[in-house]
């Protein structure tokens, strides 16, 4: 339900912003605002989950989503459109769900479990995107935002009723055993995870390789309207297509791949395919071409995100997986923060093909780096 509500939002917000007179640059500022807010909130949210439990953290996310969508429903000017972004500091529904899965899954099955979670979010994307486009077209953006608020409230009730209050097997954080502070705002307890073996390297790859795709995703709403000339309902169907592809890949493909190949090999595969996807994006001229590109694009994105999240949570103790997933969420927020500014400039100055060329070059460089280092990852922590 949480993903369904967020997908409804993605089909609503860009059209509401356009109706209020936002151009590409100002829409980029709007996206940057939510990126900064979630960048600051992600690590603290993860630490909150380790201290108070994943269910409490996920409940906070659902409640923040309710407020977020209600503010969007009443937004009728530029100021309110920015104000409604404030609750996004706590809106980390996907990381919250990943924290529950990471707590309840075994190390060797974690990547598959995270992939199956993506299956559920894919279903939400299909329903939410199609529904959001239809509701916006027939009843207006405010009604669609209100509908998303109701969906988020239902999600809150489901979390409180079906997720155990305590999901961690190891309930005492490793940091507490060393006499460290148990405060949610203890930045030292957040940044110390970067010192674990293999974490810094994987994070660097996650940021650099994910930057081009993050820019394209942030700018896609503008590309859909201006480059592909799609209406709200058509854009909703395209997002639903994304969801179908993601659902198949994360639900039926990733589990089989992780049972046969090492995570380091799959990481290299996803980066290599991402480079080729960038080249294809640079050469596309219409929405049909893009629909063909979506399959390898979603494959590379899904495998890359699942594998890097799995590798990073395995690199720390079980009591710190929430904080680590919060840091992973902050990476996505970082991409959304710098993406609109870079993307807006590239779009206005060089057009849509520039996104593809940059993705191709950067991921080719990352692939060469992983190949030269053998794609080795450090041994998992117990």
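Including glycine, each Cβ sits where the backbone N, Cα and C put it.
Just so you know, TrEMBL annotations never went through curation; they're auto-generated.
So that you can see what the record holds, here are the features copied from TrEMBL:
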{"type": "DOMAIN", "residues": "1-376", "note": "domain 'Major facilitator superfamily (MFS) profile'"}
{"type": "TRANSMEM", "residues": "24-45", "note": "transmembrane segment"}
{"type": "TRANSMEM", "residues": "57-75", "note": "transmembrane segment"}
{"type": "TRANSMEM", "residues": "113-131", "note": "transmembrane segment"}
{"type": "TRANSMEM", "residues": "143-163", "note": "transmembrane segment"}
{"type": "TRANSMEM", "residues": "203-225", "note": "transmembrane segment"}
{"type": "TRANSMEM", "residues": "237-257", "note": "transmembrane segment"}
{"type": "TRANSMEM", "residues": "287-307", "note": "transmembrane segment"}
Close approaches to the transmembrane segment (203-225) from elsewhere in its chain (Cβ under 8 angstroms; 6 or more beyond its ends):
10, 13-14, 18, 24, 27-28, 31, 194, 235, 238, 267, 271, 274, 278, 281, 297, 300-301, 304, 308, 312, 327-328, 331-332, 334-336, 338-340, 342-344, 346-347, 352, 355-356, 358-359, 362-363, 366, 369-370
Looking only at the recorded stretches 24-45, 237-257, 287-307, which one has the largest tally of CB-CB distances under 8 Å to the transmembrane segment (57-75)?
24-45
